[in-house]
Every structure is written in C-alpha cells, then in structure tokens.
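One structure is given below, encoded as structure tokens.
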Amino acid sequence: TKTVSKCYVQVTGMTCASCVANIERNLRREDGIHSILVALMAGKAEVRYNPAVIHPSAIAELIRELGFGATVLENCGEGDGVLELVVRGMTCASCVHKIESTLMKTNGVLYCSVALATNKAHIKYDPEAVGPRDVIQVIKDLGFTTSLVKKDRSASHLDHKQEIRQWKRSFVVSFVFCIPVMGLMIYMMVMNSHPSAAPAHHNASSEGREAPHSFMLLDYQLLPGLSVMNLLSFLLCVPVQVFGGWHFYIQAYRALKHSTANMDVLVVLATSIAFLYSFIILLVAMAEKAKVNPVTFFDTPPMLFVFISLGRWLEHVAKGKTSEALARLISLQATEATIVTLGPDNVLLSEEQVDVELVQRGDIVKVVPGGKFPVDGRVIEGHSMVDESLITGEAMPVTKKPGNTVIAGSINQNGSLLISATHVGADTTLSQIVKLVEEAQTSKAPIQQFADKLSGYFVPFIVAVSVVTLLAWIIIGFVDFEIVEKYFLGYSESISWAEVTIRFAFQASITVLCIACPCSLGLA
C-alpha cells in the first residue's frame, strides 16, 4: 500500500457550491492526490495525498492557480472527531481500565478517558479510520450499555423572553408612577414662573394670598414641614424605587460584590441618594416643624428608572431578534438519520435509525420524500428536487442526481435519495453557519472592548467628580455666600445660610450623578 498523508488547506474566495466542485474536480486529476473534501462555510479543504509525489505547499499552489487564496494549515488536529458517551454498568476501576485499554487498541482512537463517578467517556478519534458507531459497538461488546450524551438542541440559552418581560414590567411600573410625578413637577415649575403665583417658599408672606387656590393646596402643610406636594411625590416614588429599581439593585449588588462598578451601580447610587436625601430632609423639616417646605428630589428616581428601563427593554428586544434567527437555524437540524447497508449492485440489505451525531463519514444515508438531509453529502442513487431555500436562499427547488452535493437542513421533495455522507457533525454547512453567527454575536469589536474598559473607570470617576462638586460648593458657600445666593434662587430667608449652602451643594452633586447615569450616552 502507498503511504497516504492528510493535510488541511484554508481556502478563501469561494462563493458557492460550484467553486467547491471546481476545486475538487481539478485537484482530483492531479498526480499523488487520493481524495479531496472541501467545506464551503468553514473555508477548509481536507486533502489526502501521497507525500512521495506531492507536498502540501504544492497542493495549495494548485488551488491558487484556480483563482482562490490558499494556505496550508499547520495544526491538523482540527480533523479529529470528539465523542461524549454515557456508559452504564461500570462497577469499579478495573471496568474503566478495560474500556480504556480496549479502545486505545482500536485503530483510529487517539485518546480516551472514562470517569467512573460520572459514568462518562470522552473519546477523540480519527474520522477517516473509525466512527462513533464503531466506538459504541466496541464498548457494547465489552458488556456495557452506552448512549450519546444528549445535546441540548432547543437552544434555550438563546431565549431572551424572560429578560424582555422583566424589563418591560420594570418600565411600565416606573412609567405609571412617573407621569403624575412629572405632572406635579411641571405644574410647580409653571406656577413658580408666574408672577401672580407666590414663589414656593414665601407662602406665609402677603403675596401668598393672591396665589391661585390649587397652588396653595399643593403647598398646604398636612403636618408641620410636610406639604401635600412632598407627600404625593414620596408616595409615588416608593413603588418605583422598590419595583422599578429591583433589578438594578440586584445587579449593582452583584457588581460591587465582585468589586467592579457598572452602570447599575451609578443608577442605584444616584436614585438612592436622591431618595434618601429627600426623605431625610422631609423628616428633619417635620422634626423642626418648619414653616417652609423643603426642596426635595423625589422626581429624580422615577424619571431615571423610566428612561433606563426603557433602554434595557429595547436592547433585549433587539438581542432577542438576532438570537431568534440563530434558534431558528439550530432548529433546522435533523435529529435522526436512516443509515442503510448496500450489497452488490446497490441492493438494500438493511436500514437503521440512528442519532444524527452517530452518522460517520462515508455512511450511506437514505432520505425519503419530505425528509430533511441530516448531513452534507453526495448523491449516489435516485433523482429528486431539493428545497435549499433555508440555507442558500434559492427559492426554486434544485434538481439532484447522482454526483450532486446536498446540504444538511435542506428538504427533500419528491424522490427518495441515497447519499454518501461527506461532512458530519460539526463540519456540516449548517453547523458552520450556526457557529459563525454565534461567534459573531460573542466577539466584540475593538471599539466596544475599549468602551467596556472605559466604563470600568467611568463609574468611580463620576462618583469622585460628584463628591468633589459637593465639597467645592460647601467650601464656596462658607467662604463667599453671595455666589451661592446668586445661583440658588427662591430660597427662604428663614433658613440659615449654612443649610442653604449644604442643600445647594447636594443638589449640584446629585445632578452630576444623575446626568452621568445613562452611561451609554456618557461613553458615546
């Protein structure tokens, strides 16, 4: 027998199945090449050749002459098949040893490890020499029962429905409570800007009598220091803080636990500080039985939560769309295949149903009308029309006769076909497409990685800035109060200037936190 080596060539520039056929046809004619298999999606050619006659670099050169880009892949381990099995009936370490040693003696098995505790076997093999069914048969002959580790075909990890629901709920809750808060706020603003109305804090003064009735109502003190406006705002703010902000709090807690700071930490910081500050100021005002209503920030949390949960909701809807496409692709895969044994003159001797993962290269698979092709292959016998629209987008059914290639996942229409499997398992066109889409979703653009790195520094930076703002204004206030007076309009003469300063400083620093909240905008 002649020695046969195997090499893999990365081929670029192939656009469709005719390119594949072109390469395969031309290279088969060359001296020293036994067989060639080209995978379109993976952009890879597997060539078996006689090293005495031809070298891999010469093979790549031949492909280049046909007008494609070709480079020889050094690590040929890519062609190894991997098999995960559940083995039942093992009792002790000697059973494990028996299985491992027998398998390692089997021609084509490269590596084998069996774990007694989990009943699992992990096997690497050369698909040219041996297949999964042969391995299973060897283990069965030793007296153990064995089955494939079932893969999760449902692609449930791609489901974003739960997150979409959760953020939608969060948004709706925040929105319902946000509207009245915004209404109150706008109303107060409008009233404050009208000269006829009293400035919010001077309701004890003479002008207060001319103020419109409703405006007085909002400022009316139910208890000393607790106005209707503040009470309403507080009551509307609590549910938002609890229900709207629930997921933010969880996420922020997790982030802080791992000593990282993400956007949720900012949101939680800003809203919690605004809420707690307002709440404490209210309590203080009530304790002091203040005549003047304190300025609170109860309008901040609901509005922030509304915008951010809306953003999150839309983001997950978009993610769901891409993942849905992937899930649909995965669902195209056939789960079972009918493998037939042929006698002389292509006479059917027997057929059996097996899991798609167990189909080996070179198997003869029968596909009935209406059935899906379980693997990529070449037609040996039969004529049919095949609907490949799910894979290629070709709307018209394609005629298949002996010698034509078929793609896994496409649907056989009117004739029964016998095909010889060429690409199985993870090498089929469909698996490659799924893999490409998954990779595209998981890989990040360099700019995105940069942004992620920035956002790691962004949060601590913002917190620092807001603390600096707070301190700076307090210092300015204590050094030169007139500056604060100039910017902080409408404060009441009855409050001490120190309190005014601290309030103004707080307002400024919370504003910094809130503005920086939608981190995406900050980073943009």
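Yeah, the Cβs are placed from backbone N, Cα and C, and that goes for glycine too.
Copied over from TrEMBL:
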type: DOMAIN; residues: 5-71; note: domain 'HMA'
type: DOMAIN; residues: 81-147; note: domain 'HMA'
type: TRANSMEM; residues: 171-190; note: transmembrane segment
type: TRANSMEM; residues: 222-244; note: transmembrane segment
type: TRANSMEM; residues: 265-286; note: transmembrane segment
type: TRANSMEM; residues: 292-314; note: transmembrane segment
type: TRANSMEM; residues: 457-479; note: transmembrane segment
type: TRANSMEM; residues: 504-523; note: transmembrane segment
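When Cβ-Cβ distances under 8 Å to the transmembrane segment (171-190) are tallied for each of 222-244, 265-286, 292-314, the top count falls to 292-314. Residue counts for the domain 'HMA' (5-71) under DSSP (helix as H, G, I; strand as E, B; rest coil) come to 22 helix, 24 strand, 21 coil. For the domain 'HMA' (5-71), the mean pLDDT of the prediction comes to 87.
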